[in-house]
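Before we start, here is the structure in question, set down as structure tokens.
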């Protein structure tokens, strides 16, 4: 029988690492908010990702979003987002997704500073990354400490078999998908049990628009 607590003890962040992440993230958030005030921007820093949800594994990274009011034109949040990102990560590199963003390291921790639009439940997204703010809120409202460790176990398992990660080279299980599966099935073992019995495609799509082997509806979508 697998000793899950022993597995978690090897992959869960140490208290020292958690303290380092907290100090670095608090400092960056303070700097971003100060810059936003000085530039009279209606925007604020928000910590998102697995660290914000307490499902992070050891040697993880930090995702910090700059959430702008929804009436800003896209070119403004792109320009200001890059300016702020470079200001708080001096040696950062520009990367490009739906919005350009700045990625770099501080104190040995990989950090992404990403601009987005503010979004509340029921709002239509303006850009794809906007929902990330709601993902954090949703997961934190549906996972307790035990559930967070169950997510960690699912992440560890999917990493070990090479199916963790939503990027094009993998098309696997994202961290958010792992969180939603544990919320739905309550435990790592229940998730594995469900997929071990699933036949063919796992699909919930009344309009039959998708051909993916598995489809899970994002609960924060209106």
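Using the three backbone atoms N, Cα and C, a Cβ is placed for every residue, glycine included.
Computed from a predicted structure; not experimentally measured.
Residues or ranges marked as ATP binding site in Swiss-Prot (evidence: sequence analysis): 50, 53, 135, 155, 164. The CTP binding site annotation in Swiss-Prot covers 50, 53, 135, 155, 164. Look at Swiss-Prot and you will find 61, 63, 112 tagged as Mg(2+) binding site.
Help me picture where these features are in the structure shown.
Around the Cβ of residue 164 (ATP binding site), 20 further Cβ atoms fall within 10 Å across all displayed protein chains.
Around residue 155 (ATP binding site), the same-chain residues at least 6 positions away in sequence with a Cβ under 8 Å from its Cβ are 55, 57, 164, 173, 175, 178.
Residue 63 (Mg(2+) binding site) falls within a strand when secondary structure is assigned with DSSP.
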For the Mg(2+) site (61, 63, 112), what does the 8 A shell look like? I mean other same-chain residues with CB within 8 A of the CB centroid.
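Nearby residues not in the site list: 49, 62, 64, 103, 110, 111, 114.
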Please report how many Å separate the Cα atom of residue 50 (ATP binding site) from that of residue 112 (Mg(2+) binding site), as a whole number.
13
So for residue 53 (ATP binding site), how many other CB atoms are inside 10 Å of its CB?
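Cβ-Cβ neighbours of residue 53 (ATP binding site) within 10 Å number 21.
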On the three-state reduction of DSSP, what should I expect for residue 155 (ATP binding site)?
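It is helical.
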